[in-house]
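Peer 1: If you scroll down you'll find the structure; I have some questions about it.
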Amino acid sequence: APPRASNGSREGAAGTWLRTQLAPGEVITAQSAAFERDPQESSTTDEELSRAGSPGSRGGSGSTTPDYGEKRLPQALIIGVKKGGTRALLEAIRAHPDVRAVGTEPHFFDRNYEKGLEWYRNVMPKTLDGQITMEKTPSYFVTNEAPRRIHSMAKDTKLIVVVRNPVTRAISDYTQTLSKKPEIPTFEVLAFKNRTLGLIDASWSAIRIGIYALHLENWLQYFPLSQILFVSGERLITDPAGEMAKVQDFLGLKRIVTEKHFYFNKTKGFPCLKKPEDSSAPRCLGKSKGRTHPKIDPDVIHRLRKFYKPFNVMFYQMTGQDFQWEQEESDK
């Protein structure tokens, strides 16, 4: 089936709107944007991937499925977004006995595509008939080539996107990089091309990833909305069982991961996973999750909210879902 092009220039409403937000000469479209490769995006190394794909490996899955069956290309992918809650979602869905997922991020459709589908298949865990193979690489959502490449692998692939208030997401993204590179400039410096004029630097990846409508246009040229599930990163924290019910329904799975699987950790501020029949301590995400954000100038946050608002509204219209990020901010 040929991909569905939105128009001749392949630049939709979000791309046009973004162009109006930028200074003259700063034309950036969904197709031409050169995303900076953030080394902090994933800790996955080639060595980890080769271990995941080695004989006898369980692909990094926490499941207790014995090591037999066969390796299959994934039928479902968590494609984004970075710092949205993708690791929490992956850990939760891996508690389902009918899901097998590789724990490392393969980065096949953005960084390792030249290695070929057999390499990709070999990275996957073995599955039995009726089990779903999954992986997550959050940078796929903002990679221009990823939709076409995934469509050419299997046009019926199910896609999951975890989205979060883009202002909070940008600060979380910056916080992660800051923890590894304390010498980087402040968030305020990086967020603006011109602070006096209030001109946001939309080419900075921490800002750009949150322009969800822009990236989604790229995916909708290849996949119908019915094949994409949008998970709320906020509700994944406040109501993990409710969001997981939607995920399991979307994947055609029985609702096995329920509220019994979650325990809210007040210290970390988000839920931890436990096995209902297991008396051991709940398994929480590592220390790299839930870091305390640096204090950001309220004026910068206000300007960012204003910058993102039209894109958020466009995203709500495109997906048919209101994530209520503006309402959430007015409550603060």
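Every residue, even glycine, has its Cβ placed from backbone N, Cα and C.
Features from TrEMBL:
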type	residues	note
ACT_SITE	Lys83	active site, for sulfotransferase activity
BINDING	Lys83, Gly84, Gly85, Thr86, Arg87, Arg164, Ser172, Lys289, Gly290, Arg291, Thr292, His293	3'-phosphoadenylyl sulfate binding site
DISULFID	Cys272-Cys284	disulfide bond
DOMAIN	74-309	domain 'Sulfotransferase'
REGION	1-71	region 'Disordered'
Peer 1: Taking Cα atoms as reference points, rank the recorded positions Lys83, Cys272, Cys284 by distance from Thr292 (3'-phosphoadenylyl sulfate binding site) and give the first.
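Peer 2: Spatially nearest to Thr292 (3'-phosphoadenylyl sulfate binding site) by Cα position is Lys83.
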Peer 1: Using CB atoms and a 10 A radius, I'd like the single residue among the binding-site residues Arg87, Thr292 with the highest neighbour count.
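Peer 2: Per the Cβ count, the most surrounded site is Arg87.
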Peer 1: When you measure from the Cβ of Gly85 (3'-phosphoadenylyl sulfate binding site), which residues in the chain that are at least 6 apart have a Cβ under 8 Å away?
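Peer 2: When sequence neighbours closer than 6 are ignored, Gly85 (3'-phosphoadenylyl sulfate binding site) has Val162, Arg164, Val231, Gly233, Leu236, Ile237 within Cβ distance under 8 Å.
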Peer 1: Can you figure out which of Lys83, Cys272, Cys284 (the recorded positions) comes closest in space to Ser172 (3'-phosphoadenylyl sulfate binding site), comparing Cα atoms?
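Peer 2: So, spelling it out, the nearest of the recorded positions is Lys83.
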Peer 1: Pop the Cα-Cα gap between Arg87 (3'-phosphoadenylyl sulfate binding site) and Cys284 (disulfide bond) into the table, whole Å please.
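Peer 2: For Cys284 (disulfide bond) versus Arg87 (3'-phosphoadenylyl sulfate binding site), the Cα atoms are 11 Å apart.
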Peer 1: Restricting attention to the domain 'Sulfotransferase' (74-309), give the mean pLDDT.
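Peer 2: On average, pLDDT over the domain 'Sulfotransferase' (74-309) sits at 93.
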